[in-house]
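> Next up is a structure, given as structure tokens.
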Amino acid sequence: MGAMFRSEEMALCQLFIQPEAAYTSVSELGEAGTVQFRDLNPDVNAFQRKFVNEVRRCDEMERKLRYIEAEVHKDGVHVPQVKEPPRAPNPREIIDLEAHLEKTENEILELSHNAVNLKQNYLELTELKHVLEKTEAFFIAQEEIGIDSLTKTLVTEEGGQQTATRGRLGFVAGVLQRERVPAFERMLWRISRGNVFLRRAELDKPLEDPASGNEIYKTVFVAFFQGEQLKSRIKKVCTGFHASLYPCPPSNSERQDMVKGVRTRLEDLNMVLNQTRDHRQRVLASVAKELASWSIMVRKMKAIYHTLNLFNMDVTKKCLIGECWVPTADLPNVQKALADGSNASGSSIPSFLNCIETDEEPPTFNRTNRFTRGFQNLIDAYGVASYRECNPALYTIITFPFLFAVMFGDLGHGLIMAMFGAWMVIKEVSLAAKKTNNEIWNIFFAGRYIILLMGCFSMYTGLVYNDIFSKSMNIFGSSWYIPYDNDTLEKNPALTMDPKDSYIDKPYFIGIDPIWQTADNKIIFLNSYKMKLSIIFGVVHMIFGVCMSVVNYNFFKRRYSIFLEFIPQVVFLCLLFLYMVFMMFYKWIAYSTMSEDQAYTQGCAPSVLILFINMMLFSSNEPQPGCKEFMFEGQGSIQRVFVLVALCCIPVMLFGKPLYLLSASKKKHSKPESSNGSVNPGIEMQEQTDLSNSQPQAKASASHDHDDEPFSEIMIHQAIHTIEYVLSTISHTASYLRLWALSLAHAELSEVLWNMVLTFGLKDANYIGAIKLYVAFCFWALFTLAILVMMEGLSAFLHTLRLHWVEFMSKFYAGLGYIFQPFCFKTILEQEDEE
């Protein structure tokens, strides 16, 4: 957890690598995943860089892999997952892999081409078989009705002479796609003026398209006509509609012989197709075993060459120079990776790592694990922390689920949420292996530890609220008893219980007494209780946020801000709002029904809100007879002093820092220069031997400060910050009332569901009541999960997120940094898989 207190210390390093060892060295760095490279050729076009040809080779191999993968998936061949990702291939293995991919692609292309040709032949023979079979039925029907009835319909428009004879009647047979048949019929009628007789029959089974493999539905047709001129017109129409025409003998015996021949050829072709398909399956199955490994290797190669394009050549063209950000804790790992890369390539000259000083702001790197990653993502969603800035994620691990639980406090609902989170945590290995594109599930799974803690904390606050599905539990026995006899209870529908007579002066062991579940003034009591709790938690949370700014001031060497900003801010907040919290506790302790002094009985307890308003307005109210205006002696004077001191803190916050910086700037300019400056020989080639003593570090970030700006700019910024802080103390304190509002709404909605839905099934004692209870429980459980757990949980989550981003983090967190993005093969492969 100590690593999460602030981001890791970073160093800007220069790498000096021999060209022959560059590939293997960068490969080792990619496996380690600890360096973020900087582009040393920002003005060079991507097509003019040194390793652009190697990148193109990788692109070509990726294209081949995509084609092979598409063919494998098209045939439904299973591609096994890689248990352990292979390392990037060395240059000699790259040539072998490239040749193997070329051979595999050509083999699959040849198989695909042959399969398409065979399928095309099979399709044509199948269509010819259907044409012969269907036309046979047409001619049999024709012979039954007589040829004369057919020829009588084929009359020319000019003369009415029926000169057609059996020898002069011709026909064309073929196959056409089903959706084109209506248009085809209309076109034939128009070109022949109704002198074409068309017979058609739809094929029952769809045919397979040889190229795409999709199903196509076709229709067999026979067009009868007279004359050669009409025949040529019909063929042109068939060509325009992409109809396939097939020869069809006019005699019955020839058609029968032709059908037998076609069926024999189909059987032979089908056997050849099966053999081709089996051979293709064997080839693709052998390729599928290596496909995932090849894909990973090519992607790693491409990433390496992209990274090498960020390097620069020295003037002698004998050394590659690169710059990178490295966490100082990982410098030994980087040096080991460079040494391993040089040894793997057989280079006689070792690679060098040289840390250099810089004024540039380094990237922010917070080292996380599976548990803390979700909380860190919540903070980064608001803004990445400035370099070495105090990280709120460490405290969010506790405060986030707790504030959520204050709004979601229910033992039953918290148990459901905790069980869901625990299931994802226990099964996280198997669930993580099932990669899915469902964004909602991925969000839930990424926040599994947050959900688990939110559920556990909600169970605790539900126990304190004594609330489980809107019902209370009497575990330790109520501290109240009924002083009335049975006759009084029967005659009066409602009775008031005086604490003097009904309270044993010993509170319930933990949480709220269960007797409040039956009280008519339950909501009034819970309103007051939860409202005060929300203010107490809010003020404590804000004071903690203001105190965290001291850590940043001290680390960034701006200790003057502790006296000129932090102390006035915390005094202002404490004298006004922490004092209001004190009054709440004092009121709870000092005023009691058991008090002998009438001024400290429950009837004389003053309103904390009224007292606070009077304190700010310097006004007063006349107390009731026998009561006191204030809670203790001298409270009025103390309040006036508190308000005056708080008001005096405002000019300190407004003018203190600008005036101090102005005076410090004058002193700085008045001092004579004692040196001519220094030159930083940052690119010296020296081997880093002692990492602990010779690591120039990047300077701590203070990018969110305005110390180097002109006095007018500093004054404007300070005025904005002062006004924002003073006003936000009021608005942020009121904003924490959302804890009370959502908690009350959640409890009341849960009670409504119980009384309006589940109670419906508890009214009847017979067997009908069992059926009604079954149905009512189903609806109650559905509404509980959908509304109270899902929707209310999401609402409470968003409100908790806002309380942390605005009310808490705005007190000390700038969030102006940029994330550390190391060159890591694992991250690159995961991102490409998601895409």
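Any Cβ shown, glycine's included, is placed from N, Cα and C.
A TrEMBL annotation is a machine prediction, not a hand-curated record.
The coiled coil annotation in TrEMBL covers 94-121. Per TrEMBL, compositional bias 'Polar residues' is recorded for 686-700. Here TrEMBL flags 668-707 as region 'Disordered'. Summarising the annotation, TrEMBL assigns transmembrane segment to 393-426, 446-465, 533-556, 562-586, 598-618, 638-662, 773-791.
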> What is the average pLDDT across the coiled coil (94-121)?
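Per the prediction, mean pLDDT sits at 91 for the coiled coil (94-121).
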> Do at least three CB pairs under 8 A connect the transmembrane segment (533-556) and the transmembrane segment (638-662), leaving out pairs fewer than 6 apart in sequence?
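No, the stretches stay apart by this measure.
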> In the same chain, who gets a Cβ under 8 Å from the transmembrane segment (393-426) while lying at least 6 residues past its ends?
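Hits for the transmembrane segment (393-426): 1, 4-5, 366, 372, 375-376, 378-379, 444-445, 448-465, 467-470, 533-534, 537, 541, 544, 548, 738-739, 742-743, 746-747, 750, 784-785, 788-789, 792-793, 796-797, 799-801, 803-804, 808.
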> So which of 533-556, 598-618, 773-791 is most in touch with the transmembrane segment (562-586), counting Cβ pairs under 8 Å?
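It is 533-556, which has the most Cβ pairs under 8 Å.
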> Take the transmembrane segment (598-618) and find every residue of the same chain, 6 or more past its ends, with a Cβ under 8 Å from one of its Cβ atoms.
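Result: 532, 576, 580, 583-584, 587, 590-592, 624, 626-631, 639-640, 642-643.
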